[in-house]
Amino acid sequence: MSSQIKQVFARQILDSRGNPTIEVEVVLESGAFGRAAVPSGASTGIREALELRDGNKALFLGKSVYKAVENVNTKIAQAVKGLDALDQRLIDKTMIELDGSENKKNLGANAILGVSLATARAAASHLRKPFYRYLMDVKEYLMPVPMMNVINGGSHADNNVDMQEFMIVPAGFDTFSEALRCGTEVFHILKKVLIADGYSVAGVGDEGGYAPDLPSNEAAIEAILKAVKEAGYEPGKHVFIALDPASSEFYKDGKYELKSENKSLTSEEMIDYYAAWVEKYPIVSIEDGLAEEDWAGWKLLTEKLGNKVQLVGDDLFVTNPSILAKGIEKGIANSILIKLNQIGTLTETFEAMAMAGQAGYTCVVSHRSGETSDTIIADLAVATCSGQIKTGSLSRSDRIAKYNQLLRIEEELGENAIYPGIKAFVFNSDEEVEEVVQEIIVEDSEAEKVVVQVEE
């Protein structure tokens, strides 16, 4: 039966924050079916592809996505009907050209991404392959090391903590399932630690982590390490720390304003702030340590800490190959965060990941703070052997859904699932991990082979 697209349909649904988002369904001539829901961020980079919202305050406080839905059901559907779903590059290219803008503002990146992902899912169904294996069919896969956001602050929580995410990284284990068990235990012990220290844990942040009012940002790290020890694990051996300060959110007039500590720091002072933490704590990754427009500061940060920790560009690179290329050329950061909706198509996402791999940058596949029950990023992390994933804490079903999907994939792969542990990080790689990763890193001329595995 034919793999041509027969039907495309979109609807408005709600994300994990109760805000509207778009869900797309694609049906092929063969009857194969694919569905995808698009996430949304709270702290967004200024260069991200445009998420189209209606802006009518009378409807969902201006956040409805009816126009994006209409664009899918009319313009996009007409353009992609009859195209071969197995040709992902053609599908995405068609939508990009139909939109005609640099940031997908006309049709909406949310509309385009929904169709891109739903089409890929339908193609996988047509070939009767698991989605991760459809994206990349290799013998062995790296299971991603999870960065678990157990204390939320910044734009993700209603508290006085400046920095957005304090994460545990259970990298000292042999399997993903063992790492997940460790993370779960530490998360539950952390609640007891915070309560014992007099902090309220009545609510959680957008990504499922606790959101207590703390006397300082460093207090979050201290509480986490205490929980790690009380759970029976050793910091720096079993569990490490990762940070996402999301510093663009507290960068004002050239200074980093840490209100919880009554500090106003220059770029150099902010770098020294992190450097002191790196010496004191088992920190393996810092994401968006400086603001997205502070490229001079990023250069200094990379020179000072780039050989000690993973420095991840999220708002800095926004999963955009052209922006990443500039960062690579200037020696900025050593890792990129991968968020599908920052760039808006599966093809461009793979292009960014291939470019990063060729330059020796790591890739961290990531959720958004406004998530859905869709588990596509779990499959993406495994398919690309990225070795790392950010998908929130150990609560909220929208986060747990991704962890559960990874458990299923690891079980299915058996001995062909490799958990890289600390070796997944740029300053701790080894030959075994590199061997697996090289199977999915290709030259730009072969990027199409990465996007989909087409079987005649």
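Every residue gets a Cβ built from N, Cα and C, even glycine.
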Residue in Lys139, Lys191, Lys390 which Swiss-Prot records at the (2R)-2-phosphoglycerate site where Gln164, Lys339, Arg368, Ser369 also bind: Lys390
Candidates Glu218, Glu287, Glu348, the one Swiss-Prot lists with Asp244, Asp314 as binding Mg(2+): Glu287
Integer Å distance between the CA atoms belonging to Ser369 ((2R)-2-phosphoglycerate binding site) and Asp314 (Mg(2+) binding site): 13
Candidate with sparsest Cβ neighbourhood (10 Å radius) among Lys339, Arg368, Lys390, the listed recorded positions: Lys339
When distances run from the Cα of Ser369 ((2R)-2-phosphoglycerate binding site) to each of the recorded positions Glu207, Asp244, Glu287, Lys339, the nearest one: Glu207
For the Mg(2+) site built from Asp244, Glu287, Asp314, further residues of that chain with CB within 8 A of the site's CB center: Gln164, Glu165, Leu243, Pro245, Ala246, Ile286, Asp288, Val312, Asp315, Leu337, Ser366, Lys390
Count of other CB atoms lying within 10 Å of the CB belonging to Ser369 ((2R)-2-phosphoglycerate binding site): 24
Winner by Cβ contact number (other Cβ atoms within 10 Å) across the recorded positions Glu207, Asp244, Glu287: Glu207
